[in-house]
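S.K.: Sharing a structure, written as structure tokens. Questions coming.
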Amino acid sequence: KQSHDTELGQNIKRKVTMNAINTSVSLNMSIVRPEYFFITGLTGIQYSRYFYMFLFCTYVIAVIGNSAVLLLVAVERSLHSPKYIGVFNLALADFGEANALIPNMMKTFLFDSQYISYNACLANMFFVFFFSTMQSSTLVVLAYDRFIAICLPLRYHAIVTNTIMCFIFSAIWAFNAFMVGTLVLLINRISFCKTNVVQSFFCDHGPVYKLSCNDRTVNAVLAVFNMCLYLIVPLILIVLSYICILFALSKVTTWEGRLKALKTCVTHLLLVASLFLPILCIYLFASTTTLSPNARVISSSFSYAIPPMINPIIYVLNTAEIKDFIRKIFKNRSRPT
């Protein structure tokens, strides 16, 4: 009875909000914006709270793990190299995405606060997409680092320097902020006069702009462009870099030399798999079958929440420099004073 009353109250609130929107339409306003959006999340699942608690556990691990990586790279002078500038930026993007997405999700679904103001929705959309674009962009830069290190080893220290890497990442942060900012700001040009219910677990761009009742062609084109720019293009560049790497390794005479070079790529390949595989699986299933709203929410939330949690673990388990630094710390602590 209590859950029925809660759902009835939410339906009444939604009707009141949409009545206000329709009143605005009757006043012939050119752009109509709702005061609030309603985030649906998982619907009709009895134990959905446990799923959100699981995501909260991934958030805690992601924050602790990425904070540790950021601290290690910042403190240890031996890690002040071009490769670890990339690692630092990826950890920073993971840390930012986890904080932009999951705490807001906890507030929304664990405390029955599924309404989010219009401006807060756009802010949430910007930060989630901004940090996620930084993840894919950083993996491309790390692929470039591995390509130069293996294909042009004698020129590596001349081509890939700390200054060049800092310049590259500064440009990427600025460019991605501009692209995502444009994507989000263009939401202001569409009107919402049908519903304010967002079929997602956060203010996702696609479900939001598809609620519009006027021309949304520009929003749709920019959404496809950004998907290509931050999903398809990075994958193509990474695959091409590894084709070149495999071609260069084919010229190495010994298997030991080939394996030694490939081991330096294992960490990067695992990072690429953890980020792109879940997203590709979602697009594959969506294109071949009809996903229910709950299945789409669960799969999408996994693709956003799992990589920031897994990446710090991959750094520690597969990066010799970080493992050596951790061993050094424990040895110094275990020595008698």
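Glycine is no exception: its Cβ is also placed from the backbone N, Cα and C atoms.
Remember, TrEMBL labels are computer predictions, not curated facts.
Small disclaimer: the values here were computed from a predicted structure and weren't measured.
TrEMBL lists these features:
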- 50-72: transmembrane segment (TRANSMEM)
- 65-315: domain 'G-protein coupled receptors family 1 profile' (DOMAIN)
- 84-102: transmembrane segment (TRANSMEM)
- 122-144: transmembrane segment (TRANSMEM)
- 164-187: transmembrane segment (TRANSMEM)
- 220-249: transmembrane segment (TRANSMEM)
- 261-285: transmembrane segment (TRANSMEM)
- 297-318: transmembrane segment (TRANSMEM)
S.K.: Does the chain bring the transmembrane segment (220-249) near the transmembrane segment (50-72), so that three or more CB pairs sit under 8 Å (pairs 6 or more apart in sequence)?
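M.R.: No; fewer than 3 Cβ pairs under 8 Å.
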S.K.: Given the transmembrane segment (84-102), which of the listed stretches 164-187, 261-285, 297-318 has the most Cβ pairs that are under 8 Å apart from it?
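M.R.: Answer is 297-318, with the largest number of Cβ pairs below 8 Å.
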S.K.: Residues of the same chain, at least six outside the transmembrane segment (164-187), with any C-beta under 8 angstroms of its C-beta?
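M.R.: Contacts of the transmembrane segment (164-187) (Cβ under 8 Å, skipping residues fewer than 6 from its ends): 82, 85-86, 89, 122, 125-126, 129-130, 133-134, 137-138, 141, 145, 205, 208-209, 218-219, 222-223, 226, 229.
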S.K.: Output the single range from 122-144, 261-285, 297-318 maximising the number of Cβ pairs under 8 Å to the transmembrane segment (50-72).
M.R.: 297-318
